[in-house]
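Asks: My structure is below; once you've seen it, I'll send some questions.
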Amino acid sequence: MISQQTIDIVKATAPVVAETGPKLTAHFYERMFNHNPELKDIFNMSNQRNGDQREALFNAICAYANNIDNLAALLPAVEKIAHKHTSFMITAEQYQIVGGHLLATIDELLSPGQEVLDAWGEAYGVLANVFITREEAIYQENEEKTGGWRGTREFTLIEKTQESDVITSFTFKPADGGTVSNFKPGQYLGIYLTPDAFEFQEIRQYSLSSAPRTDNYRISVKREEGGKVSNYLHNELTVGDTVQLAAPAGDFFLDVPATTPVTLISAGVGLTPTLSMLDALTEHQASVHWLHATENGSHHAFKDYVNTLADKYDHISATTWYREPLATDRPAEDFDYQGMIDLKAVASQLIDPAMHYYFCGPVGFMQHVAKQLIELDVQEDNIHYECFGPHKVL
């Protein structure tokens, strides 16, 4: 338990910390990487350069300080972050390193005095223990599953399939010939890469793009312009190569009774977690609607597969939007609507108040979808979404 004195001090000084803004997290990361450069093998340095990770940390610090007397309000965020941490193999010792640099940053930028530093130190220790406990439980759960493991495990690339001009699928099988653990549709894998051309080890999370299988995992990756890892996977990784994988994780997953209707909404490579869900919903007892937006036919991954499912199963329907169709793209055959996703076009399919919505894509797209769902009076508990990269509140 956190002492009342600590709660009072943290809440009183939280506005001062908040006013420091991005300067605080920039100083923190610079300090930490200077003193502990080995952590560059864990943190996504691309997210450091674009500021996403700094923003995420700053938001987390402010949220914790503002809710220090109501930790239950933080549990959803704790669950999301804890799953991500397990895919990075974060350890209790690393929490000590981070805490030390966070307190030193507050001291160096604000000079608040020892009493304030002690209060923030106590508060950080309590939160760190919450994460350490939850993450250890996830590690144990992953290890105890049939086909499960702790840490990383060597896998061999057995199939590489181009799904569109920008998306390629990679299927991995355990190098030891064993089985793989089950996962929940919507979850992701952590992949660890250390090519000679990389300055640091690179760790990325990619959504699993099929329903669970017993002997392999499939991810589908978009080639990002300037993306170090995605371009390496597309250009360099070949069948027979090996990689290290962390066990599946993630708090965004299909979790509804078989009688609950579901709508899956995606844009671009955001279809990967929802495709895993669709793959698992072929025997669902309620309606399933697949709504997907992409640039045009050359970017449209898994078109034939999704259409085959929609033709085969009466409870599955599929609707597609192309933002800028090519001259060769045929309306009503290759796509249904032009432009951005407009849920009014399929409003008759979305009238059941029990329906759950799962969506993923670029942040702007998800904000667009969330706004429309709210306008349709969809209950917040029925809305689920995933951000690729640091989480953002829509």
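Cβ from N, Cα, C; glycine included.
I grabbed these lines from Swiss-Prot:
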- 1-136: domain 'Globin' (DOMAIN)
- Y29: site 'Involved in heme-bound ligand stabilization and O-O bond activation' (SITE)
- K84: site 'Influences the redox potential of the prosthetic heme and FAD groups' (SITE)
- Y95: active site, charge relay system (ACT_SITE)
- E135: active site, charge relay system (ACT_SITE)
- 147-394: region 'Reductase' (REGION)
- Y188, R204, Q205, Y206, S207, C387, F388, G389, P390: FAD binding site (BINDING)
- G268, V269, G270, L271, T272, P273: NADP(+) binding site (BINDING)
- E386: site 'Influences the redox potential of the prosthetic heme and FAD groups' (SITE)
Asks: DSSP on the domain 'Globin' (1-136): how many residues come out helix, how many strand, how many coil?
Replies: 116 helix, 0 strand, 20 coil
Asks: Near L271 (NADP(+) binding site), which recorded positions out of Y95, E135, Y188, S207, E386 have their CA within 10 Å?
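Replies: So far as Cα distances go, the recorded positions lying within 10 Å of L271 (NADP(+) binding site) are S207.
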Asks: For the C-alpha pair, I'd like the distance in angstrom between E135 (active site, charge relay system) and P273 (NADP(+) binding site), rounded off.
Replies: 22
Asks: Report, in whole Å, the straight Cα-to-Cα distance of K84 (site 'Influences the redox potential of the prosthetic heme and FAD groups') from G268 (NADP(+) binding site).
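Replies: About 22 Å separate the Cα atoms of these two residues.
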Asks: Count, for each of the binding-site residues Q205, S207, the other C-beta atoms lying within 10 angstroms of its own C-beta, and report the residue with the smallest count.
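Replies: Comparing Cβ neighbours within 10 Å for the binding-site residues Q205, S207, Q205 has the fewest.
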Asks: Determine the Cβ neighbour count for V269 (NADP(+) binding site): the number of other Cβ atoms within 10 Å of its Cβ.
Replies: 27
Asks: If you count Cβ atoms within 10 Å of each one, which of the recorded positions Y29, Y95, Y188, F388 comes out on top?
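Replies: Result for the most crowded candidate: Y188.
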Asks: Note the Cβ centroid of G268, V269, G270, L271, T272, P273, the recorded NADP(+) site, then list each other residue of that chain whose Cβ lies within 8 Å of it, in sequence.
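Replies: Once G268, V269, G270, L271, T272, P273 are set aside, the remaining close residues are S207, S220, K222, S266, A267, T274, L275, C360, G361, F388.
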Asks: Can you tell me how far the Cα of Y29 (site 'Involved in heme-bound ligand stabilization and O-O bond activation') sits from the Cα of Y95 (active site, charge relay system), in Å?
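Replies: Y95 (active site, charge relay system) has its Cα 14 Å from the Cα of Y29 (site 'Involved in heme-bound ligand stabilization and O-O bond activation').
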